[in-house]
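For Tyr126, the entry in TrEMBL reads active site. Taken from TrEMBL, the feature active site, proton donor/acceptor covers Asp166. Annotated active site, proton acceptor per TrEMBL: His273, in sequence order. Per TrEMBL, the feature Mg(2+) binding site maps to Asn26, Glu54, Asp166, Asn168, Asp272, His273. The site 'Transition state stabilizer' annotation in TrEMBL covers Asn168. According to TrEMBL, the site 'Important for catalytic activity' annotation covers Asp246.
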Amino acid sequence: MTFPDPVVINDQDKQVDGCITIASYNVASLNACIKKGFHSYVQAEGADILCVQETKVNAPLSTAVDDKIYKYRYWAFEEKKGYGGVAVFSKYKPSQVSYGLPGYESMSRGRVITLTFASFTLICCYSPNAGDKLVRLSNKQKFDEAMESHIRALQIKGESVIWAGDLNVAHTSDDLAKPQTNERSAGYTIEERTDFTKILSPYEKDPEIPGLVDSWRHLHPTTKGQFSFFGYRFRCREKLIGWRLDYFCVTPDLIPKMVNSTIRHDLWGASDHVPIVLLLKDVSLD
């Protein structure tokens, strides 16, 4: 499977005056995705900031993007070769960059990059999968707890926050094709969904601090059947058996600045995920 050739994106919302584009994409191996049309997607999208998950590389990849366009490139790697990894490619220089989650560095080193821009702090995230038979569920919950602490610390400092990436959870029954048969499947356990709900709710330790907002669901509160992940096996894409695992979750102050939050449904094939896009107006990057 590959991307359509050429990749064409006709997104009229991008014409809004002062609009910026943030894209997020689990590439399920950056090297493999490049062979299947990644560069065509990057060129067509023209994102100001591109967050990439599951790169499966252990060193910066010089062929990933055009360094004349994306002058600022940040990579985080897993110790295990060919596993995990995230990257952020930006046209604008962040004022601060950090890697991993405070207090949970060993399990988040190749999963989280946090970048501070003028109007917001962006967290590029590849959340762990709870695993077959939920063997890593406890690790996933520890990660989620550390992520909430990280987000809340930023909120306490007065930061506007965008939590972006493959968060490996389908939050509600509307976010996967077969909820009834997946209640004890990784990504849809009550434990994972409860942890996600906590981050989208006022902070338990200080209810004055609001929860984050699932930007796509905010715009599509009752929509079903819109997914960002389709497994390669069992012709899942053809049968529309998918999961919505990829998100832009934002602090409420960014909602009035949101032009759109979009799932690029047509762009499946170079990965088992599709890209997602957040469009914002009236924000500054530098």
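Including glycine, each Cβ sits where the backbone N, Cα and C put it.
Bear in mind that TrEMBL entries carry predicted annotations, made automatically and left uncurated.
Listed in sequence order, the residues of the same chain lying 6 or more apart from the residue listed as 'active site, proton acceptor' and placing their CB within less than 8 Å of its CB are Tyr25, Asn26, Val27, Ala28, Asp166, Ser228, Phe229, Leu245, Asp246. Neighbour list (Asn168 (Mg(2+) binding site), Cβ cut-off 8 Å, at least 6 residues apart, same chain): Tyr126, Ser127, Pro128, Asn129, Ala130, Lys140, Ala186, Gly187, Glu192, Leu245. A strand conformation is recorded for Tyr126 (active site) in the three-state DSSP classification. By a simple count of nearby Cβ atoms, those within 10 Å, the most crowded of the recorded positions Asp166, Asp272 is Asp166.
According to DSSP, Glu54 (Mg(2+) binding site) sits in a coil region rather than a helix or strand. Surrounding the centroid of the Cβ atoms of Asn26, Glu54, Asp166, Asn168, Asp272, His273, where the record places Mg(2+), the chain contributes additional residues within 8 Å, namely Val27, Ala28, Gln53, Tyr126, Ser228, Phe229, Leu245, Asp246, Ser271. Counting only same-chain residues six or more apart in sequence, the Cβ atoms lying under 8 angstroms from the Cβ of Glu54 (Mg(2+) binding site) belong to Asn26, Val27, Ala28, Ser29, Gly84, Gly85, Val86, Tyr126, Asp166. A 10 Å cutoff on Cβ-Cβ distances gives the residue listed as 'active site' a total of 25 other Cβ atoms nearby, all chains included.
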